[in-house]
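Pulled from Swiss-Prot:
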- 1-24: transit peptide (TRANSIT)
- Lys52: N6-acetyllysine (MOD_RES)
- Lys93: N6-succinyllysine (MOD_RES)
- Lys93: N6-acetyllysine (MOD_RES)
- Lys99: N6-succinyllysine (MOD_RES)
- Lys99: N6-acetyllysine (MOD_RES)
- Lys114: N6-succinyllysine (MOD_RES)
- Lys114: N6-acetyllysine (MOD_RES)
- Lys130: N6-succinyllysine (MOD_RES)
- Lys130: N6-acetyllysine (MOD_RES)
- Lys175: N6-succinyllysine (MOD_RES)
- Lys175: N6-acetyllysine (MOD_RES)
- Ser208, Lys233, Gly286, Ser287, Val288, Pro289, Thr290, Glu447: NAD(+) binding site (BINDING)
- Asn211: site 'Transition state stabilizer' (SITE)
- Glu314: active site, proton acceptor (ACT_SITE)
- Lys318: N6-acetyllysine (MOD_RES)
- Lys347: N6-succinyllysine (MOD_RES)
- Cys348: active site, nucleophile (ACT_SITE)
- Lys365: N6-acetyllysine (MOD_RES)
- Lys376: N6-acetyllysine (MOD_RES)
- Lys395: N6-succinyllysine (MOD_RES)
- Lys509: N6-succinyllysine (MOD_RES)
- Lys509: N6-acetyllysine (MOD_RES)
- Ser513: substrate binding site (BINDING)
- Lys531: N6-acetyllysine (MOD_RES)
Amino acid sequence: MLLRSAALCRALLARRGRAAGLCRRCVSSLQVANEPVLAFTQGSPERDALQKALKELKGRTEAIPCVVGDEEVWTSDVRYQASPFNHGHKVAKFCYADKALLHRAIGAALAARKEWDLKPVADRAQVFLKAADLLSGPRRAEVLAKTMVGQGKTVIQAEIDAAAELIDFFRFNAKFAMELEGEQPLSVPPSTNSMLYRGLEGFVAAISPFNFTAIGGNLAGAPALMGNVVLWKPSDTAMLASYAVYRILREAGLPPNIIQFVPADGPTFGDTVTSSEHLCGINFTGSVPTFKHLWKQVAQNLDRFRTFPRLAGECGGKNFHFVHRSADVDSVVSGTLRSAFEYGGQKCSACSRLYAPRSLWPQIKGRLLEELGGIKVGNPAEDFGTFFSAVIDAKSFGRIRKWLEHARSSPSLTILAGGHCDDSVGYFVEPCIVETKDPQDPIMKEEIFGPVLAVYVYPDEEYKETLRLVDSTTSYGLTGAVFAQDKDVLREATELLRHAAGNFYINDKSTGSVVGQQPFGGARASGTNDKPGGPHYVLRWTSPQVIKETHGPLGDWRYPYMQ
């Protein structure tokens, strides 16, 4: 519910001295809170609804079109999305947009831009607030089921992603956008100054990943909320859930041409949008090579753009847990198991390297191996006791298997547990822990994006040197955690690891950021660190205009010193 702040509106009116036209832009206070994460216990209404939705998807293939304007477009370039844990089940049949259709989508978006941008932010926000309500209520089970079946997520991983986080993105972004309207420059009589937060001039290309349904909704949704028009290229391996999110936005009142839903071949999409003079932004989550390629394409075409495109990218990480000898072992073990192996290590923030002190390693190792035996890997749609499921596709499976082959063949690496792979039914990889004698081995440096945890054991007295090693080993800077009870060590670690992580955790796991609480993102090779989930992110998708109005004659053109 939008609560109008009459007092603040009156204050703004008095300060600016021009009542006409300002009420439309008066600041609103939107009260929001994080969406509760449902438990899905036996016999609960949410569990019953989810099981019903999963049953409806069993053996079903949904046909998904490109949507340009208000028209569903079916092309001859047909693709399929397979369920990761049962690749014989094609969950979606969709078609790729070619260059001609993408150009048509650009034209349709541009035609709608001016009217959408001129709408008051409160009106645009209502669309996303309604979408959040639909996700929170009648459409929750559908989106969760499609995320589980299509992307291989367990109940809880789907819930914290496709429900809680996406709902939070829509609600908090609406709050941040409306509060931004209240950020106005100082006015000094006889003039009043105001700031208009316009959308960008052109279209934004949103390119989303497979691993979070919420990220796709936010990459397209946040720029649209701020008055922009968007071409959304969803991931081939998240098509089912992405299309559901798009339909919910339309059901919530999003006009037809604001977000164009255009599945496409990656290079075709990239070439087309970066060659358009109207490109004004790219909102991206994916691999470093892809983002670098898009950046280079923008640079090569710089002279043709009407405006400098905004480039926002999140590109993953090689995230760490550093353990000091003063750490609580229970916290280390529980936090590391969750961070490294939830969703099969396919989170951008997943812990992929652990630095353990020699004095604690026997205890930590014993506990990790003991608990690892209780992790169930399987079909999350049929067994709610599954901790994680298959990795996303054959390409990912093959890449992870090569890392495991490296672990078996390298003299500096020892597989302590797990590592078996089986792709006969789904793309299953056992959780694997690898100990290394070489802290510079590639397994400690490069992103794996799978259920593989690399461990380096360091001498206790060399913890400062090891902290420097943590900072310098990889090119990434996304997330990391330090486990210690010694306050001096925590202070030293915070200073030495200042640029090693954009999201830094103390005595907590490296995953699990919450919208509004821990805005997410990192620098270095991890991206542009624009912090979606925080108040500054929406500003990224605006082009502010300052208006000065002087109330009275300007007087003599001559300066006093000239007399």
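Note that Cβ sites are derived from N, Cα and C of the backbone, with glycine treated the same way.
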Recorded positions compared (Val288, Cys348) - highest count of Cβ atoms within 10 Å: Cys348
Candidate recorded positions Lys509, Ser513, Lys531, pick with smallest Cα gap to Ser208 (NAD(+) binding site): Lys531
Packing count at Lys347 (N6-succinyllysine) (other Cβ atoms within 10 Å of its Cβ): 23
Diameter of the NAD(+) binding set by C-alpha atoms, the set being Ser208, Lys233, Gly286, Ser287, Val288, Pro289, Thr290, Glu447, in angstrom: 24
Rounded distance in angstrom between the Cα atoms of Ser287 (NAD(+) binding site) and Lys93 (N6-succinyllysine): 25
Between Glu314 (active site, proton acceptor) and Lys531 (N6-acetyllysine): CA-CA distance (Å): 9
Chain-internal residues, separated by at least six, CB under 8 A from Lys99 (N6-succinyllysine): Thr268, Asp271, Thr272
Nearest recorded site to Lys318 (N6-acetyllysine) by CA-CA distance, among binding-site residues Lys233, Thr290, Glu447: Glu447
